[in-house]
Amino acid sequence: METTNQTGSVSEFVLLGLSAHPKLEKTFFMLILLMYLVILLGNGVLILATILDSHLHTPMYFFLGNLSFLDICYTTSSVPLILDSFLTPRKTISFSACAVQMFLSFAMGATECVLLSMMAFDRYVAICNPLRYPVVMSKAAYMPMAVISWAAGSAASMVQTSLAMRLTFCGDNVINHFTCEILAVLKLACADISINVISMGVTNVIFLGIPVLFISFSYVFILATILRIPSAEGRKKAFSTCSAHLTVVIVFYGTILFMYGKPKSKDPLGADKQDLADKLISLFYGVVTPMLNPIIYSLRNKDVKAAVRNLVVFQKHVNQ
C-alpha cells in the first residue's frame, strides 16, 4: 500500500492509550496480561473439549467452539498491541498495520453478532421444535451457517476498512484509543466522511439491529414454550439449555449499547474523566467479555463441565 499517495504526510499513527494516566499503565498492563492468558486458556480448553468429547459433537457446541476461536482471534488482534503500548514510550503503529488491526477487530466483532444470532436460532429449534431439530439443524445446515457468519463479518469489515483507508489523513495523526478503532480513526480524516458514516449506519443495522431483533424474538418464543411446560423440573431443564447463551448475549450487546448509546457529557471539566471511562468500557468489551464467555458456559452447562473434567483427567493420565 502506498501510504504517501493516500495520506499525505501521515505514514503512521500514534496511539494515545492511557498516556494521560501513567500511574494506571503498569496496573492495567498486569491486569490485561492476566485476562489475556485466561482468555487463551479458557477458550482453548473449550475448543479442545468440543473437538475431543463426542458428547459435544452437536450444533450448539460446534457454534460454541467457533465462538471460542473467534474470541481468541479478536483479542489477539488487539491485546498484544495494547500491552506493547503500555511498555513503549513512543506508541506508534504504521498505516498498513493499523489497517490490518482495524480489519481483524471489526471482522471478529461483526462475525460474533451473526454467530450469536445463529446460536439463538439453534436454541429456538431445540426448544420450540425438538422433534424437527435433527432435520433442521443437521450438519448440512449448521456448518454453512457458521461459514456464513465468518464470511459476512469479513465482508463487512473489508468494506469498512477499505473506505476508511482510502481517506486523506493530512493533519493530526494521534488516535485517542488503545487500538486502531475505526470510529477513532475516522475522526482524524481531513476529507468528507459522509459515505463512511452512511455505510457504518447500514452496517450497524445489519450486524447489530437485525441480530438483536432476531435474538429477542427467538427468546420470546423460547420463553413462551418453556412456560407451557407443566412440570417445574422440565421448565428448569429447558431453560438451562439456553441460559448460558442468553447470559453471553446480554453481556455482549449490553456492553455495546452502553458504550455507544450512553449520553456524552457537555461539561469540559469532565471531558477527561469521560474519556477515561470510554476507554475502560472499550477494554471491558474487548477483553473482559471474551474472558467471561468460557466461564459462563463452563459454570452454567453441565455437559461442558463434564467434558472439561474428562479433558483434565485425560491429560493427567497422559502426563503419568
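In case you wondered, yes, glycine gets a Cβ from its N, Cα and C as well.
What TrEMBL lists as domain 'G-protein coupled receptors family 1 profile' is 42-297.
What TrEMBL lists as transmembrane segment is 28-49 (among others).
The feature transmembrane segment is assigned by TrEMBL to 61-83 (among others).
Residues 1, 3, 7, 10-13, 60, 63-64, 66-67, 70-71, 73-74, 77-78, 81, 142, 145-146, 148-150, 152-154, 156-158, 160-161, 164-165, 179-182, 185, 203, 207-208, 210-211, 214-215, 218-219, 245, 248-249, 252, 286 of the same chain lie 6 or more positions beyond the ends of the transmembrane segment (95-121) yet place their CB under 8 Å from a CB of it. According to TrEMBL, the feature transmembrane segment maps to 95-121 (among others).
Sequence annotations record features per position, and here TrEMBL assigns transmembrane segment to 141-159 (among others).
TrEMBL lists 205-227 (among others) with the feature transmembrane segment. Taking Cβ pairs closer than 8 Å, the transmembrane segment (205-227) reaches residues 110, 113-114, 116-117, 120-121, 123-124, 127-128, 152-153, 156, 235, 238-239, 242, 246, 249, 253, 256 in its own chain, all 6 or more past its ends.
Feature annotation from TrEMBL assigns transmembrane segment to 239-260 (among others). Sequence-remote contacts of a segment are chain residues at least 6 beyond its ends whose Cβ falls under 8 Å from one of its Cβ atoms, and for the transmembrane segment (239-260) they are 60, 67, 112, 116, 119-120, 123, 126-127, 208, 212, 215, 219, 222, 226, 278, 281-282, 284-285, 289, 292-293, 296-297, 300-302.
According to TrEMBL, the transmembrane segment annotation covers 280-299 (among others).
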Contacting positions for the transmembrane segment (28-49) when only residues 6+ beyond its ends and CB under 8 Å are counted: 18, 56, 64-65, 68-69, 71-72, 75, 79, 82-83, 86-87, 283, 287-288, 290-291, 293-295, 297-298, 304, 307-308, 310-311
